[in-house]
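Read through the structure below, which is laid out as structure tokens, and then see the notes.
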Amino acid sequence: MAFKQLFAAISLALSLSAANAAAVIEKRATCSNGKTVGDASCCAWFDVLDDIQQNLFHGGQCGAEAHESIRLVFHDSIAISPAMEAQGKFGGGGADGSIMIFDDIETAFHPNIGLDEIVKLQKPFVQKHGVTPGAFIAFAGAVALSNCPGAPQMNFFTGRAPATQPAPDGLVPEPFHTVDQIINRVNDAGEFDELELVWMLSAHSVAAVNDVDPTVQGLPFDSTPGIFDSQFFVETQLRGTAFPGSGGNQGEVESPLPGEIRIQSDHTIARDSRTACEWQSFVNNQSKLVDDFQFIFLALTQLGQDPNAMTDCSDVIPQSKPIPGNLPFSFFPAGKTIKDVEQACAETPFPTLTTLPGPETSVQRIPPPPGA
């Protein structure tokens, strides 16, 4: 059974289980901290949680270390190719932690440039707590997202055996790849379609770039990089006017706001006829954003794994805070209006949004992790 079909079956089973929860007495285990979990083996992850919140995420912040931890999940997980396996070649193990186990090899791959810093920061926690790299990467990514206001309640499953060999190069999409290349890549990895590709890119709502422009680091993709919201989907549809740094870098196109970066792949996917309407659908629709990203994140973290053999430890992941009440879910940054939108969806009009008051928005850089 293909991964996507298996994952759908697991999701259905979980939904049916939740629907009947009132009629079933759920067995819960009580941990030493007084919290309860569905499986006693999950209790150990509370110690990991406390440690990384304090010593990796600086008290639970949605900062550079959180952003890079989320990026690491995708780069570890997407490195799997059933098409290569069908040709008799090793196609990678997906969400197996190979990028940390074989970091000297995989972080040297071009799309993984810069990830060596977060791998270096995370490795001591793996060694200290005796967990597998694949499980830790998924856990740290889920916790990182929970630190970002507006994020969904993240799921986390354990049960990943350590990788035995590095993933092959060429499996992680690049900013300069075409839409066709990226759609084909995610379809090969997990039978994901073009709509689910857009869901994956929701992670760019809480992200920054350190390595596209060598002259400047910590450039966010939108004006609210510390909040999991739909501003990324608004601002990628605004007309680009300038580069935040040197310009002319491979995979970079003009962005609409000073201090904000736009990569070529986001620009083209936002305007492609196959993806433009799904892209626009997230504007001012926080509930859709949350639901779709919750699904796709779990699917990514189970690539290459058997979900039936994994243990659900989602109880350990904190719940994120709501989006600050002084901000609408979506808006035009100060100085921008509907006239700046390059709408590509032919099916529905662009949502009506307010423009924030004040001078033109300038986006602040995010300090990169130590050593970056």
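Every residue gets a Cβ built from N, Cα and C, even glycine.
Taken from Swiss-Prot, the feature signal peptide applies to 1-21, supported by sequence analysis.
As annotated by Swiss-Prot, disulfide bond applies to Cys31-Cys43 (among others), with the evidence given as sequence analysis. For Cys31 (disulfide bond), the Cβ neighbour count at a 10 Å cut-off comes to 18, with all displayed protein chains included. According to DSSP, Cys31 (disulfide bond) is assigned to coil rather than to any helix or strand.
Annotation comment: Swiss-Prot describes Cys42-Cys313 (among others) as disulfide bond. Secondary structure at Cys313 (disulfide bond), taken from DSSP and collapsed to helix, strand or coil, is coil. The Cβ neighbour count for Cys313 (disulfide bond), using a 10 Å radius and every protein chain shown, is 25.
Spatially close to Cys62 (disulfide bond) yet at least six residues away along the chain are Ala144, Asn147, Cys148, Pro149, Val206, Pro225, Gly226, Ile227, judged by Cβ distances under 8 angstroms. Among the features that Swiss-Prot reports, disulfide bond is placed at Cys62-Cys148 (among others).
Marked as Ca(2+) 1 binding site by Swiss-Prot: Asp76, Gly94, Asp96, Ser98. Around Gly94 (Ca(2+) 1 binding site), taking its Cβ as the centre, 28 other Cβ atoms fall within 10 Å, counting all chains.
The Ca(2+) 2 binding site feature in Swiss-Prot is assigned to Ser205, Asp222, Thr224, Ile227, Asp229. Listed in sequence order, Ser205, Gln231, Leu327 are the same-chain residues six or more apart from Thr224 (Ca(2+) 2 binding site) with CB atoms under 8 A from its CB.
Annotation for Cys277 (disulfide bond): spatial neighbours Cys345, Ala346, Glu347, Thr348, criterion Cβ-Cβ under 8 Å with sequence separation of six or more. For Cys277-Cys345 (among others), the entry in Swiss-Prot reads disulfide bond, with the evidence type sequence analysis.
Here Swiss-Prot flags 350-372 as region 'Disordered'.
Nearest in space to Asp96 (Ca(2+) 1 binding site), taking C-alpha to C-alpha distance over the recorded positions Cys42, Cys43, Asp222, is Cys42. Sequence-distant neighbours of the region 'Disordered' (350-372) (same chain, 6+ residues past either end, Cβ-Cβ under 8 Å): 63-65, 67-68, 114, 117-118, 120-121, 208, 210, 216-220, 222-223, 225, 234, 237, 244, 257-260, 280, 283-284, 328, 330-338, 341, 343.
The Cβ centroid of Ser205, Asp222, Thr224, Ile227, Asp229 marks the Ca(2+) 2 site; residues of that chain outside this set whose Cβ lies within 8 Å of it are Gly150, Val206, Ser223, Pro225, Gly226, Phe228, Ser230, Gln231, Phe232, given in sequence order.
Using a 10 Å radius centred on the Cβ of Ile227 (Ca(2+) 2 binding site) and all shown protein chains, the other Cβ atoms total 23. Neighbour density for Asp229 (Ca(2+) 2 binding site): within 10 A of its CB lie 29 other CB atoms from the protein chains shown. For Asp222 (Ca(2+) 2 binding site), the same-chain residues lying six or more positions away in sequence with a CB closer than 8 A to its CB are His204, Ser205, Gln231, Phe232, Val234, Glu235, Thr236, Glu260, Val363. Within 10 Å of the Cα of Asp76 (Ca(2+) 1 binding site), not one of the disulfide-bonded residues from the list Cys31, Cys42, Cys313 places its own Cα.
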